[in-house]
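K.L.:
I have a structure I would like to understand better, so I am pasting it below and will then ask my questions one at a time.
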Amino acid sequence: MAVFKTTLWRLISGTLGIICLSLMSTLGILLKNSFTKLSIEPAFTPGPNIELQKDSDCCSCQEKWVGYRCNCYFISSEQKTWNESRHLCASQKSSLLQLQNTDELDFMSSSQQFYWIGLSYSEEHTAWLWENGSALSQYLFPSFETFNTKNCIAYNPNGNALDESCEDKNRYICKQQLI
């Protein structure tokens, strides 16, 4: 009888040991995957006190796009000419960024990069126009009159704009308006 109890005890403790090892292994794998996902950083850092929208009622964006104030933004990490950037945005059913106001990109306020935006000079209208044909509001870029009309406009989320040859390569921002 004593031999039977010892054998049964060893069988139970061995089984519990194997179950414990399996649970520990599973926990280790889950923790490793969790830390790997956390270490992936986006191409920009959101500013303080700004909540990015993810799958909210008014904003559901594609993968690699950022939802903010019911718009979706694609912030490129690769550099392209202005026309290449424009075509890439159009292929994603969006357009190069058209700014509504200077705080539209608050979520990118820590970025120092310049990005192509959808602003170009129209010889026909003798005015700076956004891709949708609307005119530029002068309050967006107070020193705008110094820009060369043969160039394209690059914008920094800190509110700076500069004109560069359209053949230069910059990162770009695509925007999809959802509402």
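Count begins at 1; order follows the chain as displayed.
The backbone N, Cα and C atoms fix where each Cβ goes, and this holds for glycine too.
Straight from Swiss-Prot, here's the annotation block:
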type	residues	note
TOPO_DOM	1-10	topological domain 'Cytoplasmic'
TRANSMEM	11-31	transmembrane segment
DISULFID	Cys58-Cys70	disulfide bond
DISULFID	Cys61-Cys72	disulfide bond
DOMAIN	68-175	domain 'C-type lectin'
DISULFID	Cys89-Cys174	disulfide bond
DISULFID	Cys152-Cys166	disulfide bond
K.L.:
If one measures from the C-alpha of Cys70 (disulfide bond) to the C-alpha of Cys61 (disulfide bond), what distance in angstrom results, rounded to a whole number?
P.N.:
9
K.L.:
Specify the nearest of the disulfide-bonded residues Cys152, Cys166, Cys174 to Cys61 (disulfide bond), where nearness means the distance between Cα atoms.
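P.N.:
It is Cys174, whose Cα lies nearest.
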K.L.:
Could you check what DSSP calls Cys166 (disulfide bond) once collapsed to helix, strand or coil?
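P.N.:
Reduced to three states, the DSSP call for Cys166 (disulfide bond) is coil.
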K.L.:
Work out the three-state DSSP category of Cys174 (disulfide bond).
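P.N.:
Note: Cys174 (disulfide bond) is in a strand by DSSP.
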K.L.:
Taking just the CA atoms, what is the gap between Cys174 (disulfide bond) and Cys152 (disulfide bond) in Å?
P.N.:
15
K.L.:
Between Cys152 (disulfide bond) and Cys89 (disulfide bond), what is the CA-CA distance rounded to a whole number of Å?
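P.N.:
A Cα-Cα distance of 16 Å.
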K.L.:
Using a 10 Å cut-off on CB atoms, tell me which of the disulfide-bonded residues Cys70, Cys166 is the least crowded.
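P.N.:
Minimum Cβ neighbour count within 10 Å, taken over the disulfide-bonded residues Cys70, Cys166, occurs at Cys70.
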K.L.:
Whole-number Å only: compute the distance from the Cα of Cys166 (disulfide bond) to the Cα of Cys89 (disulfide bond).
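P.N.:
That separation, Cα to Cα, works out to 16 Å.
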